[in-house]
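The annotation CoA binding site is assigned in Swiss-Prot to Arg190, Gly191, Gly192, Arg193, Thr308, Asn332, Ser520, Arg581. Marked as ATP binding site by Swiss-Prot: Gly384, Glu385, Pro386, Asp408, Thr409, Trp410, Trp411, Gln412, Thr413, Asp497, Arg512, Arg523. Per Swiss-Prot, the feature Mg(2+) binding site maps to Val534, His536, Val539; the stated evidence is sequence analysis. Among the features that Swiss-Prot reports, N6-acetyllysine is placed at Lys606, with the record citing sequence analysis.
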Amino acid sequence: MSEKIYDVPAEWAKRAFVDDAKYQEMYARSVNDPNGFWKDEAQRVDWIKPFSVVENTSFAPGNVSIKWFEDGVLNVAANCIDRHLKDRADQVAIIWEGDDPSESRKITYRQLHDEVCKMANVLRNRNVQKGDRVTIYLPMIPEAAFAMLACARIGAIHSVVFGGFSPDSLAQRITDCASKVVITADEGLRGGRTVPLKANVDAALRKSSAVDWVVVVKRTGADVFMDDVRDFWYHEAAEMVTTECPVEPMHAEDPLFILYTSGSTGQPKGVLHTTGGYLVFASMTHQYVFDYHDGDVYWCTADVGWVTGHSYILYGPLANGATTLMFEGVPNYPTNSRFWEVIDKHQVNIFYTAPTAIRALMQGGDEPVTKTSRKSLRLLGSVGEPINPEAWEWYHRVVGEDRCPIVDTWWQTETGGILITPLPGATKLKPGSATRPFFGVVPQIMDADANVLEGECTGNLCLAKSWPGQMRTVYGDHARFEQTYFSAYPGKYFTGDGCRRDADGYYWITGRVDDVINVSGHRMGTAEVESSLVAHPQVSEAAVVGYPHDIKGQGIYAYVTLMTGVEPTEALRKELVAWVRKDIGPIASPDLIQFAPGLPKTRSGKIMRRILRKIAEDESSTLGDTSTLADPGVVSELVEHRQNKRHV
C-alpha cells in the first residue's frame with residue numbers, strides 16, 4: 001500500500017479558494033452548524049422564492065425522509081443559463097469535440113439559451129408538462145445537453161439512458177418510469193463505429209407501450225425507420241418554434257431527474273434526485289474540488305448517461321458559469337494520443353477522467369502522452385472507482401509532469417456529488433487515497449456488528465448525516481430505498497463500499513461489499529448478469545462475481561451450470577458472452593466464463609459467493625471453512641478448473 005505523500009504546491013495553497021486552515025474551519029462549521037453553513041452555501045443559486053427551512057431529514061427506521069430547502073422555489077435551467085446572460089452571453093458554455101477529430105463546435109451561453117428553449121418548446125408542443133418523464137437515449141452530442149436542460153426548464157423529469165445499453169435494458173427503464181417521450185438519434189458514433197440508437201429504441205418500444213412520441217436527432221444521416229404517427233425529426237420540429245420559453249418555477253423538492261443504477265437484486269433502481277439541494281451541491285463541489293476559476297476550461301470525460309456526466313459535465317459547471325467540454329469519442333481513437341491532443345486543441349486546464357482510461361492508456365506507454373504539450377493543464381481528477389497507486393503515479397508523473405495535483409474523488413450515483421476528496425490547495429495527497437470528507441459529510445466506518453470504529457480501522461463505509469445532494473428515494477419504491485441503504489446500519493446511510501481509515505484520518509475505498517461489481521467505473525449488479533445468463537435455454541444456473549482486472553479494475557467472472565446433456569464448448573462460451581452483450585449491453589459482457597457442474601451452496605440452498613469470489617481472485621488458499629456446504633467436493637472441482645490461474 002502506497003504511503004508516499006505529496007505536499008500541496010506553494011502556489012496552489014496561495015491561489016486556491018480553500019487552503020488547509022480554511023478547510024478545517026469550513027469543515028468544522030459544516031458539521032457543528034449545518035443549518036448556518038448550508039443556508040450560506042445555498043446562496044450560490046438564484047431562488048425565485050427564498051427558502052426558510054434549510055434541512056428536514058430523518059434516517060430513522062421506517063421514517064427515512066430527506067428534504068433540503070423545501071419551501072424554496074427555483075429553476076435549474078435558469079441557474080445554468082439565463083442568469084449568466086447579463087455578464088457572459090458571449091462566453092463559451094460548451095465546447096463539443098466530436099468522435100472524428102475534424103468535428104468540433106463552440107456554443108456560447110446565448111446560443112445555449114436559444115437551443116434549450118427550442119428543445120423545450122418542441123416538448124411543450126407535444127404536451128410534455130411538469131412532472132412528465134422523458135427518456136433521453138442520445139450519443140454525446142450537444143443535443144443531449146439541450147434535452148436535459150430543456151426538461152429542467154419546463155419541469156419535466158429526465159431519465160438519461162447510456163447509449164451502450166441494449167433495447168431490453170432501455171425498455172425496462174422506459175417502462176419503470178412510464179416515459180411519455182423518448183429523445184434519441186438516428187445513430188451514435190463511438191471510436192469510428194456507428195451505434196444503432198434509433199433501431200434500439202424501435203426494438204425497446206415493442207416491449208414498452210407507454211411512449212407517445214419519439215424525437216429523433218439527425219447525427220449520421222443514416223436511413224432509419226420512422227413511425228408515421230409516433231416519430232418525428234427534431235430538426236424539422238425545431239424550425240417551427242421560437243427561441244423564448246418561460247421557465248417553470250420548481251419547488252426545491254420537485255424531482256429533477258431519475259438515473260437508473262444497477263442493484264444487487266437485478267432490477268435496476270431509479271435513483272431520484274430533486275432540484276434545489278442537488279444543484280447547490282453540484283455547483284459547490286465543482287467549484288471547490290476542481291478549484292474552478294473564471295476563464296478555466298474544464299473537461300470531464302464521462303458520458304451524460306452516468307451521474308458524473310450529469311453533475312460534472314452539465315449541472316455543476318454550468319451553474320458556475322463555466323466552460324465545459326463534451327467529448328463524443330473514446331480515449332484511443334484515432335490514436336492513443338487523443339485525450340492529450342484534445343487538451344492541447346482546446347487548452348484544457350482541468351481534466352477529470354476514470355482510472356480505467358488511465359490504466360488503458362498507461363499500457364500504451366509514455367510516448368503518446370509526451371509527444372503532446374499539455375502545458376495548459378493545472379489539475380487532474382479521477383472518478384468512478386478506486387485508483388491503484390501505480391496508475392496514480394503514472395497519471396501524476398507522465399500526464400501532469402509532476403506539477404498537477406490529482407483529486408481522487410469518491411462518490412456515487414446516489415450521492416449526487418463528490419463526498420470524499422482532496423481539495424487541491426488544502427490536502428496533502430497519498431496515491432490511491434480519496435483522503436478527507438467534503439464539507440458536511442460525516443463518514444463512519446462500521447464493523448460487522450454495527451459498531452462504529454474509531455481511529456485506524458477497516459470496515460464498511462456509512463454516512464451519519466444527510467447532505468443536500470443525497471438521493472431522495474428509489475423512483476416508485478420508497479420501501480426499496482429504505483431496505484437498500486438504511487436497513488443494514490439503522491440510522492445511517494450504508495454506501496455498499498468497504499473502506500480503510502489510516503493513521504492520518506485519510507480514507508481508502510477498498511471496493512464493493514455487496515453483490516455489485518464495478519466494471520470500468522460503472523456499477524453492474526451481479527444479479528442482472530446472472531438473470532441474463534439463466535435466460536439462455538442451455539443454462540440451468542449461473543453465479544457472477546467480480547475479479548481483479550488490470551484495465552477495468554474489476555472484470556466479470558461467471559460460473560455457469562449447463563442443462564443436463566449440454567456439453568461445455570468454446571463455441572457455447574462465446575455464444576453466452578454475445579447473449580449477455582445483446583441482452584444488457586457491451587458493458588455487462590462476461591470476461592471469463594467457467595463451466596461448473598455444480599455451485600457451492602449451503603444446506604439451505606444459498607450460493608456461497610464468498611467462495612466463488614476467492615476462486616475467481618485465484619485466492620483459493622484462503623477459502624476458509626467449507627464444511628458447512630451441502631457438497632464440499634464442488635469446491636475442489638471449481639478450483640481445479642478456474643479461469644484466472646496465477647498460482648499453480
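Quick reminder: no glycine exception, Cβ is built from N, Cα and C everywhere.
Because the structure is a prediction, the values reported are computed rather than measured.
With Arg190, Gly191, Gly192, Arg193, Thr308, Asn332, Ser520, Arg581 listed as the residues that bind CoA, the site has a largest C-alpha separation of 24 Å. For the ATP site, whose annotated binding residues are Gly384, Glu385, Pro386, Asp408, Thr409, Trp410, Trp411, Gln412, Thr413, Asp497, Arg512, Arg523, the maximal Cα to Cα separation is 18 Å. Take the binding-site residues Val534, Val539: by the count of other Cβ atoms within 10 Å of each Cβ, the lowest one is Val534.
Checked against Trp411 (ATP binding site), the binding-site residues Arg190, Gly192, Thr308, Asn332, His536 differ in C-alpha distance, with Thr308 being the nearest. With respect to Cβ neighbours within 10 Å, the binding-site residues Gly191, Gly192, Gly384, Pro386 differ, and Gly192 shows the lowest count. Taking the C-alpha positions, the distance from Gly191 (CoA binding site) to Val534 (Mg(2+) binding site) comes to 32 Å. Summarising the environment of Trp411 (ATP binding site), the number of other Cβ atoms within 10 Å of its Cβ, over all protein chains shown, is 25.
Within the set of binding-site residues Asn332, Pro386, Thr409, Thr413, the entry lying nearest in space to His536 (Mg(2+) binding site) is Thr413 (CA atoms). Between the listed binding-site residues, namely Thr308, Asn332, Thr409, Thr413, Ser520, the fewest other CB atoms within 10 angstroms of a CB are found at Asn332. The binding-site residues in question are Arg190, Arg193, Arg512, His536, Arg581, and the one with the fewest Cβ neighbours inside 10 Å is Arg193. Considering only the binding-site residues Pro386, Thr413, Arg512, Val539, the residue whose Cα is spatially closest to the Cα of Arg581 (CoA binding site) is Val539. Cα separation, Arg512 (ATP binding site) to Thr308 (CoA binding site), rounded: 18 Å. Summary of the Mg(2+) site environment: with the site residues Val534, His536, Val539 set aside, the chain residues having Cβ atoms within 8 Å of the Cβ mean position are Ser532, Leu533, Ala535, Pro537, Gln538, Ser540, Glu541, Ala542, Val560, Leu576, Trp579. Ser520 (CoA binding site) sits 8 Å from Gly384 (ATP binding site), taking the CA atoms of both as reference points.
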